[in-house]
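Participant: Sharing a structure here in structure tokens format.
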Amino acid sequence: MAWQWFHRLGSPRWFYERTGVWLPWLALASLVLLTVGSVWGLGFAPQDAKQGNSYRIIYIHVPAAFLALAGYYIMAISGAIGLIWKMKLSFAVMRAAAPIGAVLTFVALFTGAIWGKPTWGTYWVWDARITSMLILLFLYIGVIALARAFSREQVADKACALLALVGTVNIPIIYKSVDWWFTLHQPATIKLTQSSSIDPSMFYPLLTMIVGFYCLYTWTLIAHTRTLVLQREWRTQWVQQELAEGNRGGD
Amino acid sequence: METKVEFQFASLADFLAMDGHGIYVWIAYGVTAAALIALAVYPSLRRRQLQRELQRQQRIQQRRQQVESDRIKTAEPA
């Protein structure tokens, strides 16, 4: 009995039926938080004493980088769960996490490059943090490409999970890169164990954006997983019914 | 230690210019917004694609059944 929830969780249909009602709330929360956070960060947070207004990019750069890393954990862990317990849904989550993670890593790198120009005078340097983030992007793209290289879904799932697990080596390197090699990228602004090096007037909008990005991540991960479930369970009657209902309006 | 939250720019033009950093800030925010919107919109586009694919397959199947039943009908009288 105790394990029943675990088996249910592995059922794509159960997941699909359960999560449908969460989506509009997650979408609303992300929209509100990201709008408030952006307006706050762009117009109302004070200027940075050293960097002027270019620092306002922090309000998207840091949350995107956070989620790019957290998203990798999610991809690797769901890959591992899929390998160990042969859970179909877990592999679907892993596959859904790859493109989302790739987009967020791209956003982190792109906003960082744009921020670098007025701050460091260059768009790109082969700094440890930046290089390890670029490797993260390649890992995400690698998982996407590997998934497409196999015609059999089950083989693709296993291969992607293995690649994702091997790639986790990169994660601690990214975290520690600013401390191990003190090159160009500035050290972490927010620390869990010590007090942060950021003023509250700048921290609250940043926190709003981070929570907003987490909501957006949860929302898009669930939504992408749902369409993957539809695609993978295509032959089943419940999926055909679900898609036919959408055709008659509704949804 | 009271921190006042107020608009930091004197005018809209100031806000857009951001002391010369405007171009960087707005490009960064614009590209991010486009990327996030793409992430949010993709699942419903994909769902619609799957629906069209299902309709197409159902139509093919119906036509096949139709042809089959016509064949049986024309074959029967003999």
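Cβ atoms here come from the backbone N, Cα and C positions, even for glycine.
Grabbed the feature section from TrEMBL, which reads as follows:
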TRANSMEM  A:21-45  transmembrane segment
DOMAIN    A:25-185  domain 'Cytochrome c assembly protein'
TRANSMEM  A:57-84  transmembrane segment
TRANSMEM  A:96-116  transmembrane segment
TRANSMEM  A:128-147  transmembrane segment
TRANSMEM  A:159-182  transmembrane segment
TRANSMEM  A:202-222  transmembrane segment
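For each feature listed, report its degree of burial, its nearest neighbours and the pertinent distances within the displayed model.
Facilitator: Mean per-residue pLDDT, taken over the domain 'Cytochrome c assembly protein' (A:25-185), amounts to 92.
Same-chain residues lying 6+ beyond the ends of the transmembrane segment (A:128-147) with a Cβ under 8 Å from its Cβ atoms: 65, 68-69, 72, 75, 94-95, 98-99, 101-102, 105-106, 108-109, 112, 156-157, 159-160, 163-164, 167, 170-171, 173-174, 177-178, 180-181, 183-185.
If one looks beyond the transmembrane segment (A:159-182) by at least 6 residues along the same chain, the residues whose Cβ comes under 8 Å of a Cβ in the stretch are 69, 72-73, 75-76, 79-80, 82-83, 91, 94-95, 98, 127-129, 132-133, 135-136, 139, 142-143, 146-147, 149-150, 188.
Listed as Cβ neighbours of the transmembrane segment (A:202-222) (distance under 8 Å, sequence separation of 6 or more from its ends, same chain) are residues 19, 22-23, 26-27, 29-30, 32-34, 36-38, 40-41, 44-46, 48, 58-60, 62-64, 66-67, 70-71, 74, 93, 96-97, 100, 104, 189-190, 196.
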